[in-house]
Amino acid sequence: MPFVNWLKRRLVVIAGLLTLAYLLLPNVIVTVFSFNKPKGRFNYEWQQFSTDAWKDPCGVADMCGSLSISLQIAVWATVGATLLGTMISFALVRYRFRARGAVNSLIFLPMAMPEVVMAASLLTLFLNMGAQLGFYTILIAHIMFCLSFVVTAVKARVMSMDPRLEEAARDLYAGPLQTFLRVTLPIAAPGIAAGALLSFALSFDDFIITNFNAGSTVTFPMFVWGSAQRGTPVQINVIGTAMFLAAVLLVLASMVITNRRNKQKA
Amino acid sequence: MKTTPDNSGDVRLSGISKTYDNGFTAVHPLDLTVPEGSFFALLGASGCGKTTTLRMIAGLEDPSSGTVRLGDQDVTHLPPYKRPVNTVFQSYALFPHLDIFENVAFGLRRRGIKSVKKQVEEMLELVQLGEQARKKPHQLSGGQQQRVAVARALINHPKVLLLDEPLGALDLKLRRQMQLELKRIQTEVGITFVHVTHDQEEAMTMADTVAVMNGGRVEQLGAPTDLYENPRTTFVANFLGTSNLIEAEVDTVNGDDIVLKAGGGKLVLPEARCSARTTAGGKVLVGIRPEKIALTHADDAGTIPEGRNRITGKIADASFIGVSTQYVIDTPVCDEFAVYVQNVERDGRLVPGADVVLHWSPAHTFGLDAAQDIDAGIEEEAAA
């Protein structure tokens, strides 16, 4: 049975390719439909090829404004959550203090809590405090739910770090600050970067918590949701595709830089 | 760095001790002086306090009491990055994100030295790693990583180099090679080396002076030959090599010699080689190293010269290991008497079951205080 043997040898590859296709197909659809020229207001059926939307991405009223708000919130939420989360991780791994165990488990509560419940409770909290809903309430909420993810990523990294490395740095004339900057931080960096990327992605496309606590502010996911009721402009696909391409380009760029650095050294 | 003035490479520990917050005392107050330029080994089983002692010299551990001096400078309260001391860590602790060159240059750069290239390259040549400068630590073998760790410490010209089980992770052959290599480097640079190890052979091969530690205390300190030939405690006798220890009773003290009764026979022990107080009728532990003993078949007992200590027994087991044969002899005083005989002229009659006479020169006998555990140091060595 040559076919069965052929299949046996390539089973892993075939399974891998199928899984990859499963992952990437939605992205392909988004991209393809960004070149559509729909009849009517809904972009659900393929009509004909057109680059109209790409030529005028901000042609839909308010969309680019909402995109800008989302990007700003995502950047600040990433900065805030990464800073706080990294400090929490170091505190949890390096120091023994009262209620350390409790903090260790409480920090994961936002991950476990159903998002919609969290969103409603946050709104209650903000209203009772008399806070003005808008950019800052969204930012506070985003930093809160991103924190758990940053802590998860950074803590794993810090825990696996050999404490002798910092001792070696101190032994080699590095003061506390130098030790942190030259040894601790570079070694923890992959964990911190993973936490930051995760935060950005989570914050950028969060809808539920944002929708409850946004007041009159409209973020990009809220805009998409709102327009989906009345018709979906092709520009949404353009923005989606652009974000996807930006991510791919970033990954490629980092690979090229690492390769070049290794070659220089060799 | 300019050459150091007299004695500035001495390490002087006085009354130094370490008790942890949980009440465990790792090191009991101890005094130790390591002369400049010497190769000093702290030897002991795991948990004996040797690494804690080393870390207190490095400044990585705060002593609970006592002072650490380098030469005339009191460094007890200086942080590690201000001490002219560098450490080669167990499992090396090379910085994984830096290449070999940057690992070695780390100490120089932290002290604000700008042009490090020449020095680093020379150092890498010294440890034969010039080709590997741009590799990351994980791309090197264990032996190479070990040499990087040594280079990274030595490039700073420390007054004292501390080595914490530096060869523990290497296989036996490589370890022998690195022992000689380290000894060569030490002779070349003339820096004081303080070496922590649980391997008694390693300590004896490399060090000028060995301090045997047990339970947070220094049991005995001296040159390797001195420790081996004249152990003063059962721990040292058993931990360094193998010793046959017999319980004996003091019969008479006869000038410089002590005559002892053991298992119906008499043994002679020079008083100078007995570390215990002896009174007639008192107990003493008599020790003899297995390779000092000669084995003669019972039929030839008459050929043994007068004046030698002798014990009769029966061979229980014999293992041929090439250069020598190791016998286990069942005797009235001890049922597992170890005897190592060089394979020069083998007597075919010396097989298990044969009756034999064990005999040795009284000058090779040593005496220990009977009020201690006769098996101290045996299991520790096996565990380590």
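Note that Cβ sites are derived from N, Cα and C of the backbone, with glycine treated the same way.
Pulled from TrEMBL:
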- A:12-35: transmembrane segment (TRANSMEM)
- A:67-257: domain 'ABC transmembrane type-1' (DOMAIN)
- A:73-93: transmembrane segment (TRANSMEM)
- A:105-127: transmembrane segment (TRANSMEM)
- A:133-154: transmembrane segment (TRANSMEM)
- A:180-202: transmembrane segment (TRANSMEM)
- A:234-257: transmembrane segment (TRANSMEM)
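The transmembrane segment (A:234-257) is in contact with the transmembrane segment (A:12-35), judged by 3+ CB-CB distances under 8 Å for residue pairs 6 or more apart in sequence.
Residues 69, 72-74, 76-78, 80-82, 84-86, 88-90, 92, 107-111, 115, 118-119, 122, 126, 188, 191-192, 194-196, 198-199, 202-203, 206, 209-210, 213-217, 219 of the same chain lie 6 or more positions beyond the ends of the transmembrane segment (A:133-154) yet place their CB under 8 Å from a CB of it. Away from its own ends, the transmembrane segment (A:73-93) comes close to residues 100, 103-104, 107, 135, 138-139, 142-143, 146-147, 149-151, 154-155, 158-159, 188, 191-192, 195-196, 199-200, 203-204, 219 of its chain (Cβ-Cβ under 8 Å, at least six residues beyond either end). Panel annotation: around the transmembrane segment (A:105-127), residues 88, 92, 133, 137, 141, 144-145, 147-149, 151-152, 208-209, 211-213 of the same chain, lying at least six beyond its termini, place a Cβ under 8 Å from a Cβ of the stretch.
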